[in-house]
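Annotated features in Swiss-Prot:
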| type | residues | note |
| --- | --- | --- |
| ACT_SITE | Thr189 | active site, nucleophile |
| BINDING | Thr152, Lys178, Thr189, Glu276, Asn400, Thr405 | substrate binding site |
Amino acid sequence: MAVGLGPLPTLHPVAGFELGIASAGIKRPGRKDVVVMRCAEGSTVAGVFTLNAFCAAPVILAKQRVQGPVRYLLTNTGNANAGTGEPGLAAASRTCAKLAELTGVDASAVLPYSTGVIGEPLPVEKIEGALQAALDDLSVDNWAAAATGIMTTDTLPKGASRQFQHDGVTITVTGISKGAGMIRPNMATMLGYIATDAKVSREVLQNLLLDGANKSFNRITIDGDTSTNDCCMLIATGQAKLPEITKAEGPLFAALKQAVFEVCMEVAQAIVRDGEGATKFVTVEVNGGATYQECLDVGYTVAHSPLIKTALFASDPNWGRILAAVGRAGVPDLDVSKIDVFLGEVCIASRGARAASYTEAQGAAVMQQEEITIRIELGRGACSETIWTTDLSHEYVKINAEYRT
């Protein structure tokens, strides 16, 4: 059950970016599982990709091709085309070549994306057979349908949209994402597509996406497993009648950056809220670090601890598990006598020991909530980081035990 995640908000169309959805029946007959996205000619495209060494065939191709002109993005669900070797690369290339043939573009202008079961051959003929229907369905108004089309174990589609005015012109930023398990992006299985009608140089666009992803997609984790297929793309169609943004400065860039960051954050947190079997949305906030990296080390150690995650599921304020996780995070010369830990606003540990004012009833009251913040004060410096995660439930085990059956 998704935690605090409702129906999709209004997803504003982006001029110069169209989406079409069709059914290839890859995993289930009749399911719309192929999504084609068309970028206006002259669009700039940026991407961040999984750091998993076993990255999927479509990731390899997309990383190579994103440097050149991009006209189409082709996504299939139900099959990850990962762990498939050279035949997988050939299969991904074939689907791109077929789409290029149907649209009259160069095959290198088509970027492939896949999500689903790892290690199974990509059903190329099924995907090829669905491409014309997806092209016939292309529309700037198909964001919501595409958000559903890219889902796998997700229970709800995920999307966000922002608009702002600059010199009397409306700029739109809209994005969708998918993911519910195998989530610890490190640019899980996570796909994200964000488009804007602003005109942005590729260098500025790439850095904007890197910054946005590092503050959102790269700060979420459900199970600590980094997928073979993670991708997040940012497309700027340049259809808005405004000057090109060529430097990361000025009011237009600042407004665009804020909109992109807000969309990234909303769709990234939606992945956590819809985490497989999740009953809690958990914020792990680490303050007072000597470096940002040690804050991340502590945050991820807490967020990945099975003992903490199961305590969250049980609504059990077992604060000793949090202290143990902080202590094994590998922070050099950690002075535990300076550490304070909070559940919500309740101080559960002060100076490395149980807080004198703490009662079990206070902790239990916080743990009963659907949205919980664990705040850790290291007392070592001025650096801070925040991670978003979930609990670990019976349902998570069931979903993943039965995934291929």
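Every residue, even glycine, has its Cβ placed from backbone N, Cα and C.
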Lys178 (substrate binding site): secondary structure state under DSSP, collapsed to three categories: strand
Fewest other Cβ within 10 angstroms of its own Cβ, chosen from the binding-site residues Thr152, Lys178, Glu276: Thr152
DSSP-derived class (H/G/I helix, E/B strand, else coil) of Glu276 (substrate binding site): coil
